[in-house]
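Below: one structure, written as structure tokens.
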Amino acid sequence: MDDYGTAALMEDPDDFYPPSPPPTKQVFTMQSGRAVTLHLVGHSPTEAHHLWNGAKFISDYLEDDPAGRVRGKAVLELGAAAGLPSLAAAVLGARRVVMTDFPDPDLVANMQKNIDECDAAVEPRGSVAARVHAMGFVWGADPAPLLARLAADASSDEDAGAGTGAGTGAVPPASEAASVAVAAAAAGEEQEGHKEEQRFDVLVLADLLFRHSEHGALVKTIKETMARDGAAYVFFTSYRPWKQDLDMRFFDVARDAGLSVEQVSERKLEKPLFDNDPGDLDVQKTVKGFVVRWADDDDDAATGP
């Protein structure tokens with residue numbers, strides 16, 4: 001019997017730990033003027049509570065040439081957090097989108113919440129939710145669940161196409177989303193002979209390179225999920241300027257693994273994402289964009305947007 005209540009003395013008082021920050025919400029406006037509402041978790045050890053520069057910039061980049069970069073394509077986003085690029089890809093006519101982040105229930109639920117909210121704002125209702133799926137995924141893990149999701153969606157498209165002749169069901173021709181959905185379905189039908197193990201045409205990696213220990217895992221996932229004529233868009237800011245060289249080593253890992261690397265964009269922002277951070281402000285305000293593809297070889301020269 002504990003006469004002195006020593007067990008109670010070892011318990012933390014109710015207010016010992018500070019409460020977790022509440023969830024937040026931001027609105028991103030696409031170049032077309034369409035507003036995308038994004039919910040972010042209050043705090044995450046994976047930094048998913050931020051809307052990163054790379055996510056905004058890569059969304060703009062896809063919108064600059066939707067027909068060449070995303071329309072009618074199957075898209076996989078790694079480390080999606082709020083999932084802005086995935087949602088932008090869906091709005092721009094991607095055939096299928098798999099939005100992934102660390103398999104934490106709160107993160108996956110938040111991604112699904114953003115999918116549902118985007119779906120409610122796009123006509124016809126259901127056109128986004130039918131094409132975008134939220135999943136938990138650890139970089140470098142077996143990609144079978146991701147590829148199975150893509151294969152299952154492809155089978156659903158075939159069944160829908162057999163019944164309607166369009167692959168997406170009856171869609172009001174007057175709506176903007178309808179024309180995008182029809183174009184996506186048509187592109188999907190054109191790619192029917194290019195199933196190639198049902199791999200993804202486009203991968204999105206937005207502001208992930210600061211996790212230096214995970215570079216190998218990220219490259220492994222790219223190689224195991226990207227189609228031979230696919231493209232992985234890697235956009236990032238070196239938020240810790242003194243570690244910029246370590247960020248850039250990701251591309252050395254990619255080249256060593258048989259991939260090609262090309263810088264395709266760079267933007268200087270008016271101010272850094274985080275106020276009062278140490279280091280070179282110019283580096284903190286710069287967003288760089290690269291595309292990673294399979295390297296050209298004699299058997300199968302890689303192509304892409």
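One is the number of the first residue shown, and numbering goes on along the chain from there.
Yeah, the Cβs are placed from backbone N, Cα and C, and that goes for glycine too.
Listed by TrEMBL as binding S-adenosyl-L-methionine are W52, G79, A80, A81, D101, A206; the candidate from W139, W294 that the record includes in that site is W139. In sequence order, W52, G54, A55, F57, I58, E77, G79, A80, L84, P85, F235, F236 are the residues of the chain that are 6 or more apart from A206 (S-adenosyl-L-methionine binding site) and have a CB within less than 8 Å of its CB.
According to its DSSP assignment, W52 (S-adenosyl-L-methionine binding site) is coil. When the Cα positions of W52, G79, A80, A81, D101, W139, A206 are compared pair by pair, the longest gap among these S-adenosyl-L-methionine-binding residues is 19 Å. Around the Cβ of D101 (S-adenosyl-L-methionine binding site), a 10 Å sphere holds 25 further Cβ atoms from the protein chains shown.
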